[in-house]
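*Asks:* Please find one structure pasted underneath; my questions will follow.
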2 protein chains.
Amino acid sequence: MQGQNISDIIEKYLKQILADSEQVEISRSEIANLFNVVPSQINYVMKTRFTIQNGYIVESKRGGGGYIRIEKVNLLDDVGVIDSLIGTIGESISQRDGLAIVQNLYNNEVVNRREANLILAAIDKQTLAADDRMQENSFRARILIGILNHLRYES
Amino acid sequence: MQGQNISDIIEKYLKQILADSEQVEISRSEIANLFNVVPSQINYVMKTRFTIQNGYIVESKRGGGGYIRIEKVNLLDDVGVIDSLIGTIGESISQRDGLAIVQNLYNNEVVNRREANLILAAIDKQTLAADDRMQENSFRARILIGILNHLRYES
DNA sequence: TAATAATAGTCAACATTAGTCAAACAAAAG
DNA sequence: CTTTTGTTTGACTAATGTTGACTATTATTA
């Protein structure tokens, strides 16, 4: 029996709720209070246990009536393809290689033609119009990775 | 589940009315009274939830018989609005305003849900992960404009 | 026309949330 | 026992919402 630290207990508590409903909406301070931890511990639990790789999406809002919402999503079958594509992107990618990635997605029917063109518009050299090539390639990489992470699940 | 703060509730109330008619005309003090808030809170709701990015135009008049009128605008009816959207983006846009624009595109059926989420993934704060806020907002602006220009020719 | 009443707008202070980051501490691995 | 990895904590930051004093505009009345 593992899971004695408080982060594990909070994780278990939240996942128990998520067993019944698709999402939970909590107040950070309330939960922190409930388990007698500092509020920022809740952020730690989110970052380490409710990641997209595990099939969770976390959204939040600050200010009055603020919240943290955890949503459980269905991971798709081609997660393997996505992982390997992310691996090849790394921290920087040229427009040419970016095009290849998008074409790969299209060929694997992860996206349709319209969606592929949308992505290409987003990572286009002219669109990014960065100060230098390194910055351009770096942002292109981040955008592609963000999109790929999104494609892991159905929304 | 959501909508704990009073601004959200007022927003919902007004949008419910706007679901049936193209516009609403309210008295600021009446609405403030109805929801037990100070009148200026209504201005706050207008400024944060009924912007042109959200697809609304707000007009008002002071003095006796004064009013605030909210009008829903339709992207498809008016090609110029895409231009004005690009204009409001300018060189920099926050995640919040970016979300408003994408939601607007979706509401006006310029993009479908999947495409909207794809765009949101591309302009997400975490995706961009820029060194500073200015850089983040700048790239978000370029990406959105690139996509909007693409959509203009596509459809 | 001038004064007054009846509206709405602006702005800054304050309130209420959540996020970040790094240091201290603890547990696990080597 | 030492090193590495994971956890806990709290000070500081950021975002969002609420309030009220003061201002601006328009209509009505004297």
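For all residues, glycine too, the Cβ spot is worked out from N, Cα and C.
Quick paste from TrEMBL:
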{"type": "DOMAIN", "residues": "A:5-74", "note": "domain 'CtsR N-terminal HTH'"}
{"type": "DOMAIN", "residues": "A:80-149", "note": "domain 'CtsR C-terminal dimerization'"}
*Asks:* Let's see if you can do this one: DSSP helix, strand and coil counts over the domain 'CtsR C-terminal dimerization' (A:80-149), in that order.
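*Replies:* Counting residues per DSSP class in the domain 'CtsR C-terminal dimerization' (A:80-149), I get 55 helix, 0 strand, 15 coil.
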*Asks:* In the domain 'CtsR N-terminal HTH' (A:5-74), how many residues does DSSP assign to helix, to strand and to coil?
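*Replies:* Helix (H, G, I), strand (E, B), coil: 32 helix, 16 strand, 22 coil.
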